[in-house]
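K.L.:
Relevant sequence annotations retrieved from TrEMBL are reproduced here:
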DOMAIN    68-292  domain 'SET'
BINDING   E84, G85, L86, N246, H247  S-adenosyl-L-methionine binding site
BINDING   R226, R230, D243, W258, Y291, Y304  substrate binding site
Amino acid sequence: MASLSGLSSSSSTFLFPPRTTLTHLYALPRGPNLHLKKALSIKSLQSTELDPSLSPEVHTFWKWLRDEGVISNKTPARPGVVPEGLGLIAQRDIARNEVVLEIPKRLWINPDTVSASEIGNVCNGLKPWIAVALFLLREKFRDDSLWRLYFDILPKQTNSTVFWSEEELSELQGTQLLSTTLGVKEYVVSEFKKLEEEVILPNKKLFPSPITIDDFFWAFGILRSRAFSRMRAQNLVLIPLVDFINHSHKVTSEEHAWEVKGPAGLFSWDYLFSLRSPIPVKAGEQVVIQYDINKSNAELALDYGFIDPLEERNAYTLTLEISESDPFYGDKLDIAEANGWSESAYFDIFLNRPLPPAMLPYLRLVALGGTDAFLLETIFRNSILGHLEYPISHANEELICRVVRQACKSALSGYNTTIEEDEKLKGEKLESRLEIAVGIRQGEKKVLQQIDGMFKERELELNELEYYQERRLKDLGLCGEQGDIIFWEPK
């Protein structure tokens, strides 16, 4: 983490650290509904065989779903081999917003599933993702598990940076993603140690099979990459078969991708997770959705193990902090909290997009000092935010530009390669994880260069900006539109 002190004489702090966030475990949602199985007919006995190139486990999994009444010959999409590995292939033309799959809640795996299981009592009080992860591991080792055939088709690991070797992670040298990945790994290890001590070891009868840290990472990776979140009344859920759906940057909206149905009516007693196609799909093409339109490439790499080709996915997180050593710390913190900020503020800056609206006001607050400190007085508390929306003084604005540019240059010096070297590598055929690393580090550097360029331009405009004192004189009618002082002569 690069730290720069001295934004002003108040020693406020300006930071460029990577940020570790575990507030979301995934980006998809859906809902359920159960209806009676159709009467047996000659047509229903037609073959539902899959592509013979698929593994026997996938064929067996498909048969299980058919036996459960989840799929039939009329199901418009089936598993198939795609560039990403496994995906859903349209068996006929599928219209936009048409239902592709519907999975009943009895096959979901979520916190309610855990609560209703044999380990429900010992999982009370655990974080939802930890409870579900523990349930996955226990069920994985049980031959009689309802989800036995589902577990057989789950990957042993993903391309998420959490599973990269030290050599592979070295390709991320200097990136925020590297620090975030290491932070996440430390967090998972810490949570496992606590879980092992408080739940697993004291309840060996419930967990007869040994559970290792590698097992726990597997469960974490499965949830991170395959679980749906933000569902109605659901914060985390695995849905067999639906999680075959892959992401495409060509889908530009998260709308029309899912719906939670039921229960409703005499013959519908369960919820259904209804997966819909957000775009028209031709027979033989892959059915895809948008995982999360707001995620950066670093988040996609951490969660799913891929990056998006769209340049606008590249981002850099800027962190500002009001230092406790700042003589105006108390006043600045009060102002920050009164306006929805805190001691630290994080700003995600994306390539080819403007700066976040609140970034410059917060920067000006952090840098406030010297002759501008009068704005921190109580009399200005109700109007200070309005003043921070505009340049305060030449000195304040100049300091902001200088420190931001220095921070960008410092961050750029932490990478082992240049943008040009990364661009040359991208022209070669790279192993998937190296391709991700090159894309991430090049993207971060482009954003840093963009930020530096923005504040360089601002430096050149400092003498043309209108500052607080000039605005105040205009409000009082003591300054003309051209900035000239108006003198009133006595009559």
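Cβ atoms are placed via backbone N, Cα and C, with glycine included.
Bear in mind that the values here come from a model prediction, so they are computed numbers and not experimental data.
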K.L.:
Considering all pairs of residues in E84, G85, L86, N246, H247, annotated in the record as contacting S-adenosyl-L-methionine, what is the maximal C-alpha distance expressed in whole angstrom?
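P.N.:
Largest pairwise Cα separation, rounded: 12 Å.
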K.L.:
Using all protein chains shown, find which of the binding-site residues R226, H247 scores highest when you count other CB atoms within 10 A of its CB.
P.N.:
R226
K.L.:
What is the separation, in Å, between the Cα atoms of Y291 (substrate binding site) and E84 (S-adenosyl-L-methionine binding site)?
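P.N.:
The Cα atom of Y291 (substrate binding site) is 14 Å away from the Cα atom of E84 (S-adenosyl-L-methionine binding site).
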K.L.:
Using CB atoms and a 10 A radius, I'd like the single residue among the binding-site residues E84, D243 with the highest neighbour count.
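P.N.:
The most densely surrounded of these binding-site residues is D243.
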K.L.:
Y304 (substrate binding site) has how many other Cβ neighbours within 10 Å of its own Cβ?
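P.N.:
By my count, 23.
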K.L.:
I want the residues beyond E84, G85, L86, N246, H247 whose C-beta is within 8 angstroms of the mean position of the S-adenosyl-L-methionine site's C-beta atoms, in chain order.
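P.N.:
Not counting the recorded site residues, we get V82, P83, G87, F244.
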K.L.:
Can you tell which of the binding-site residues E84, G85, L86, H247 lies nearest to W258 (substrate binding site) in space, using Cα positions?
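P.N.:
Nearest candidate: H247.
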K.L.:
Could you tell me the mean pLDDT the prediction assigns to the domain 'SET' (68-292)?
P.N.:
92
K.L.:
Between the Cα atoms of R226 (substrate binding site) and N246 (S-adenosyl-L-methionine binding site), what distance do you get, rounded to the nearest Å?
P.N.:
10
K.L.:
Under 8 Å Cβ-Cβ from L86 (S-adenosyl-L-methionine binding site), six or more apart in the same chain: what's there?
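P.N.:
Listed in sequence order: L54, V58, P79, G80, I153, F244.
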K.L.:
Taking the Cα atoms as reference points, how far is N246 (S-adenosyl-L-methionine binding site) from Y304 (substrate binding site) in Å?
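P.N.:
Cα-Cα, rounded: 10 Å.
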K.L.:
Name, in the order they occur in the sequence, the residues of the same chain whose CB lies under 8 A from the CB of G85 (S-adenosyl-L-methionine binding site) and which sit 6 or more residues away.
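P.N.:
P155 - these are the non-local Cβ neighbours of G85 (S-adenosyl-L-methionine binding site), listed in sequence order.
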K.L.:
Compute the C-alpha separation of E84 (S-adenosyl-L-methionine binding site) from D243 (substrate binding site), stating it in Å without decimals.
P.N.:
13
K.L.:
Calculate the distance in Å between the alpha carbons (Cα) of H247 (S-adenosyl-L-methionine binding site) and Y304 (substrate binding site), and round it to a whole number.
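P.N.:
Checking the Cα atoms of H247 (S-adenosyl-L-methionine binding site) and Y304 (substrate binding site) gives a distance of 10 Å.
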